[in-house]
Amino acid sequence: MTTRKPDPANPDDDIRDETLADDADLPEGDSLPDDDGGPDRDDDLDDAGLEDDGPEDDGLSMMPDVEAAPSVPLDRQTTGFFAVIGAPNAGKSTLVNRLVGSKVSIVSPKVQTTRSRIIGIAMHGNAQLVFIDTPGIFKPKRRLDKAMVQAAWSGAGDADGVVMMIDAKRGINDEVRLIVDGLKAEGRRAWAVLNKVDLVARSALLPMAAEVDALGVFDRIFMISAENGSGVTDLADALAAIARPGRWMYPEDQTSDVQVRFLASEIVREKLFLSLHEELPYALTVETEAWTEKPDGSARIDQVVYVQRESHRKIVLGAGGRTIKHVGSSARAELEQVLERRIHLFLFVKVREAWADDPERYREMNLDFPR
Ligand SMILES: Nc1nc2c(ncn2[C@@H]2O[C@H](COP(=O)(O)OP(=O)(O)OP(=O)(O)O)[C@@H](O)[C@H]2O)c(=O)[nH]1
C-alpha cells in the first residue's frame, strides 16, 4: 500500500478542487468533513496535503510498536494458516473477527462486502492461527467480481487448510455446490462449518450435516454461530490441534496484516454499505488519499469515494450532504475507537465512470487486476 498525497502539480490530483466541487451540492455551512471541533473548513483547504503538519507515518500497519518476548517458548510454538471461504454472506468475516477477538474485516448484511483477502491472527494456546478472510465465491459477472473470486481461491491455495463456511439458514444450495465443485477441481479437501445455527431448528441440523458429508470433500463438520460465539472455541481447538510445530509468523499481539490506511477506507466502505441500498454499494470504492499526523497526536485522514455516475454522487452525498455526513461521523467514531486517538476524517465524493476497469483502483483494493 502506497502512501500518496495529492500532487499539487497535477490538477486532476488536487483534492482541494474536489472539495470545492463537492461543496457545490451542499448548503452553506454543511461541510463534508465530519469533524467536530477539528480544523475548520478554510483551514482544511489550506493544508490539504501541501505541507506536512507532522511526521507522515508510512508504516501504518496494525503492528505493535514493541515486540515483547513470546509467552510460549520457541520450541513449543505451532502455526496454522487457514483460508476461510464460502458463499457471499455466509459469515466469514464475522467468524474471523470473533476468532481474532477484534474487528479486522468489515461486516454487513449485504453480500460481497469483503473484496480482498484479509489476514486475521488469533492466538490459541501454543498455536498462532492465521486466518485468511476471503471474498465470497460466486459466479463472477463483472471484472471486479472476477478479481474478488480469484482472490478467494488464491487465499485457499496459499493455506495449510481450508475452512468452508455454509449458511445453515440457506442450506446446501447452488452457491455451496459451485464452491464444492471448485474444491474438487483443485483436488482440495476442507472442513465444513455450518454457520448461523442460531437461526435454524436443532432438528434440521443433523440431516443437514449428513447432506454436507455426502458432498464428499469435507473431513470434518462443525456447527457454530459466529454471531453469538457458540461452537467457535471447539473449532479453534480443532484448528490449533492441527497447527504445525514452528515459530509464530507474527508477534503475538498483532491481529492483522492490514495497513491502517486500508482499514480506514474499509471502515468507511462498511458504513456506506450499511447506508446505501440496492446496487450502489457495489458501484463505489473508497481510497485513503492522505494521512497526516498532527502535532497534537490526532491524525487527519483524507479519503475519496469513487462512484460511477453523477447521479450516484448525489445519492452518496444525500440531501444537504446528510448521507455522507452520517457515514463520516459513524466511521470516525469507529476509527477513533480502533486507533485510540482523535481523528479528523474528510470524505470527498468523486465521479470516475470507469474506476472498475482501472488497474490502479485494484491495487488500492489489494486485488490483482483481471485481464
Ligand atoms: N444470526 C446470525 N447472523 C450471522 C452469523 N454470522 C454472520 N451473521 C450475519 O450475516 C451477515 C454477513 O456476515 P459477514 O461476516 O459479512 O459475511 P461474509 O461471508 O464475510 O460476507 P461477504 O463479504 O459477502 O463474503 C452479517 O449481517 C452478519 O451479522 C450468525 O452466526 N448468526
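Note: Cβ is positioned from N, Cα and C throughout, glycine not excepted.
Lifted from TrEMBL, the feature list:
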{"type": "BINDING", "residues": "86-93, 133-137, 195-198", "note": "GTP binding site"}
{"type": "COMPBIAS", "residues": "10-59", "note": "compositional bias 'Acidic residues'"}
{"type": "DOMAIN", "residues": "78-245", "note": "domain 'Era-type G'"}
{"type": "DOMAIN", "residues": "276-353", "note": "domain 'KH type-2'"}
{"type": "REGION", "residues": "1-66", "note": "region 'Disordered'"}
{"type": "REGION", "residues": "86-93", "note": "region 'G1'"}
{"type": "REGION", "residues": "112-116", "note": "region 'G2'"}
{"type": "REGION", "residues": "133-136", "note": "region 'G3'"}
{"type": "REGION", "residues": "195-198", "note": "region 'G4'"}
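TrEMBL feature annotations superimposed on the structure.
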residue	record	DSSP (3 states)
GLY86	GTP binding site	strand
LYS92	GTP binding site	helix
THR134	GTP binding site	coil
VAL197	GTP binding site	helix
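The Cβ of LYS92 (GTP binding site) lies under 8 Å from the Cβ of VAL84, ILE85, GLY86, SER105, THR114, ASP133, THR134, GLY136, MET165, each on the same chain and at least six residues away in sequence.
Each of the binding-site residues ASN89, THR134 was scored by the other Cβ atoms within 10 Å of its Cβ; the lowest score goes to ASN89. Filtering ASN89, LYS92, THR134, ILE137, VAL197 by Cβ distance to ligand 1 (under 6 A) retains the following binding-site residues: ASN89, LYS92. For the region 'G3' (133-136), the model gives a mean pLDDT of 93. The domain 'KH type-2' (276-353): residue composition by secondary structure is 33 helix, 27 strand, 18 coil, according to DSSP. Take the CB of VAL197 (GTP binding site) and look out to 10 A: across all protein chains shown you find 23 other CB atoms. Secondary structure counts, DSSP: the region 'G2' (112-116) has 0 helix, 0 strand, 5 coil.
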